[in-house]
Every structure is written in structure tokens, then in C-alpha cells.
Amino acid sequence: MSLTNKNVIFVAGLGGIGLDTSRELVKRDLKNLVILDRIDNPAAIAELKAINPKVTVTFYPYDVTVPISETTKLLKTIFAQLKTVDVLINGAGILDDYQIERTIAVNYTGLVNTTTAILDFWDKRKGGPGGIICNIGSVTGFNAIYQVPVYSGSKAAVVNFTSSLAKLAPITGVTAYTVNPGITKTTLVHKFNSWLDVEPNVAEKLLEHPTQTSQQCAENFVKAIELNKNGAIWNLDLGTLEPITWTQHWDSGI
């Protein structure tokens, strides 16, 4: 899929991986890049505009933990401005197993709520045009970092939720896939807390392993968006982009 002239909403598009990915996206000649983030960063927005002045870059403050009604209200404003939105990227995330409720609220519940809200505008059963959802998971959604089970569990939930969305595409008209970064050098992994302090030095130990840069991750992130494979579970690790084949152990039969 070419991203030229597409309208993209990027939740948390100013973070470590997020900002590098936003830089790559504007190079693809989007029509509009709408960034929703909790903290404004005028310098980053100005940089994105300077990279490609043909792309309209807009920022709205957004906390994914707000009620769905607030998200719907914001999306109404965005859809009124753009008329159509082609891609939603759900990228909000925290890594701190001290904050159990917030980790689940940001990494999973917020993603589900944002997705649910945009279905009001996209669902073909309501006369919508359909759309594409790219959810950011993590390799911990495949195999947990057991010292941070809350974070790992939230990312496993993202993978399952997104796989379900993909299978619902014939009903809703909305396709979905996950991009799952491996250990990436960002502020997210420089310092964080393990669950119940089971490993006080978990961040340091994690960074002893091979990592990738956020730029490497961002380049593969955008490649995954361009490949646009419904139901794909992408592994973005050590500068590579590979599809994951999920093993089915049970079938609901529905």
C-alpha cells in the first residue's frame, strides 16, 4: 500500500520509536499526519513539518485512559476536518510494573477503547468506509520477560485483540495487524521497575542483550504499514522485519 496522500492518526507519535516512525511517515508524502499524544512537543512537530512541508502535521492532546466518549468527541473533530482517515496507529505504552493499573489502562484498555471509538466512523455496518488499524505490541507478547509480567501480559493481550479484529474484517471492513518491537534503545527501557522488585536491575540486564536502534525499528515499522497484511503479527527485532506464524492450540469452532 502506498502511503501517498493518506490520512494517518498516530497515537503516541512523539515518543522514542513513535517520533522516529513519524519522521519516516512524513517522508512518504502523506496528506495528513495527526498526532495524538499526552505531552505536547512543539519542537518535534516543527521538525516533522520541516522534513516534508507538503504533509499537514497536526497535534491534539490525548490521554488514552480517558472514557470512550471523550475519544469519540476528539475523533469527531478530526473526521470533520479530514473527512476521511485511512490508518490508525495505536502506539501508547508504558513499561513500569510498579504501576499495575496504569500499565493495563495505557497498554491495553486505552488501545481497545481508541479502536472501539474509531469503529463508530469506520464500521461498514454503520455505512462507514472501513479502515486500517496498526497496533504496537511487543515481542514480550510472544514470550514474556518474566520479571515484568504485567507489561508482558498487556502486550500479549494486544496481540490477541488485534488478531480478533483481523478476523472480524469481513464484518466491519476494518483490517488490523500488530508490529512487535524487540529490545529497542529508547527511554522506555533505560530505567523501569520489575513486578514486586523481583529483579531490581532488570533494565540494566535487559540492555546487556543485543538491541536495535529506534531508527531501525521505525524503518521496519513503516515497511509493515506499507505491506498492509491483515492479521499479520510482525516481529521487529535486531533491525529485521519478519512475520510470526502463530501456533493454534485450540479452536472455538464458531
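Even glycines carry a Cβ here, placed using N, Cα and C.
Now, the feature entries from Swiss-Prot:
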BINDING   10-33  NAD(+) binding site
BINDING   Ser138  substrate binding site
ACT_SITE  Tyr151  active site, proton acceptor
Site with most surrounding Cβ atoms, counting all protein chains shown within 10 Å, from the binding-site residues Ser22, Ser138:
Ser22
Distance [Cα-Cα, Å, rounded] between Phe10 (NAD(+) binding site) and the residue listed as 'substrate binding site':
17
Candidate with the highest Cβ count within 10 Å, taken from the recorded positions Phe10, Tyr151:
Tyr151
If you count other Cβ atoms within 10 Å of each one's Cβ, which of the binding-site residues Gly13, Gly16 has the most?
Gly13
Of the binding-site residues Gly13, Arg28, Lys31, which one has its Cα closest to the Cα of Tyr151 (active site, proton acceptor)?
Gly13
Cα distance (Å, whole number) from Ser22 (NAD(+) binding site) to Ser138 (substrate binding site):
19
Close in space, distant in sequence - Arg28 (NAD(+) binding site), Cβ under 8 Å, 6 or more apart:
Ser2, Leu3, Thr4, Val222, Glu226
Let me check the 10 A CB neighbour count of Leu25 (NAD(+) binding site). How many other CB atoms are there?
28
What number of additional C-beta atoms lies within 10 angstroms of the C-beta atom of Lys31 (NAD(+) binding site)?
16
Tally every other Cβ atom lying within 10 Å of the Cβ atom of Leu19 (NAD(+) binding site).
22
